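*Asks:* Pasting a structure here, questions to come.
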């Protein structure tokens, strides 16, 4: 414990992650408020927003658990005797579970988003104001999927007679479970990126073909196209981040027995950049949504004006047809 408490790399790594988590939590809270207010309610379907809300909630859970863990560790390292700073096993379990639960919820959101956008494309003519139960079901599907890798990670957890100098789940030198979870996570993100790209081009083609469809259908197709365009940004960032993060994570687990414990822990905390990944994703997607909002507004205005012109000429032709021509009798 003295080696951990006196390690400058470990404390710097903890302070850095604590700062990023403290920045991320209010940002994700702000994004949650914006998601349910203003023009966001017009741009994105309620079911889509429910799943995104679960995604943001995952980031907030992760940041909260991380803030508590790192704050307590720093307090112990600076103000307590080494013999008294050993973390309580139950405290480790609760906050580390929040840490990992939030991490896996954000990772598994892609599955629910793919399903929801496919349903929205299939039911494009009647999806706009219906099927809210689908969004609620898919929102809770995300933590249900996340529970599987969490179960594997915590399946061998013991509380009695355990000495844990630092709160962690995966054992150094035993990357088997981590490799399995990591492979599934990377595979899911790659599939999500492919599917989001496919759905974007599909909705774009349908939108071009259905220029004379109802305004509701055209709006839903435009909404599908632009939402998948935003999701492509999310999928690109997520895929790149997970490949880098999981690759280095697996490597650290393998080489852990050969490096000092405090250096290994500093690198592990520095490697898990989920709060920073969330902050970058929110900022880039928000920027993209701003341009999408302007595009949707101009498109719907032109379509509305076109519908008004067509209605006017249809009524005008009916009125002309209703007037019988006068003929002179000789």
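Each Cβ is built from the backbone N, Cα and C atoms, and glycine gets one as well.
Annotations per TrEMBL:
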type     : residues : note
TRANSMEM : 14-36    : transmembrane segment
TRANSMEM : 48-69    : transmembrane segment
TRANSMEM : 101-119  : transmembrane segment
TRANSMEM : 131-154  : transmembrane segment
TRANSMEM : 180-202  : transmembrane segment
TRANSMEM : 233-252  : transmembrane segment
TRANSMEM : 264-285  : transmembrane segment
*Asks:* Would you say the transmembrane segment (101-119) and the transmembrane segment (14-36) are touching, if the rule is that at least three C-beta pairs must lie under 8 angstroms and be 6 or more residues apart?
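*Replies:* No, the transmembrane segment (14-36) does not contact the transmembrane segment (101-119).
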*Asks:* Mind checking which residues reach the transmembrane segment (180-202)? Cβ under 8 Å, same chain, six or more beyond either end.
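*Replies:* Same-chain contacts beyond the ends: 107-108, 110-111, 113-114, 117-118, 121, 149, 152-153, 224-225, 228-229, 231-232, 235-236, 238-239, 242-243, 246, 249-250.
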*Asks:* For the transmembrane segment (101-119), give me same-chain residues lying six or more residues beyond its boundaries with a C-beta closer than 8 angstroms to one of its C-beta atoms, as numbers and ranges.
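*Replies:* Here the qualifying positions are 47-48, 51-52, 54-55, 57-65, 127, 131, 134-135, 138-139, 141-143, 145-146, 149-150, 185, 188-189, 191-192, 195-196, 199, 224, 227-228, 231, 235, 238, 242, 272, 274, 278.
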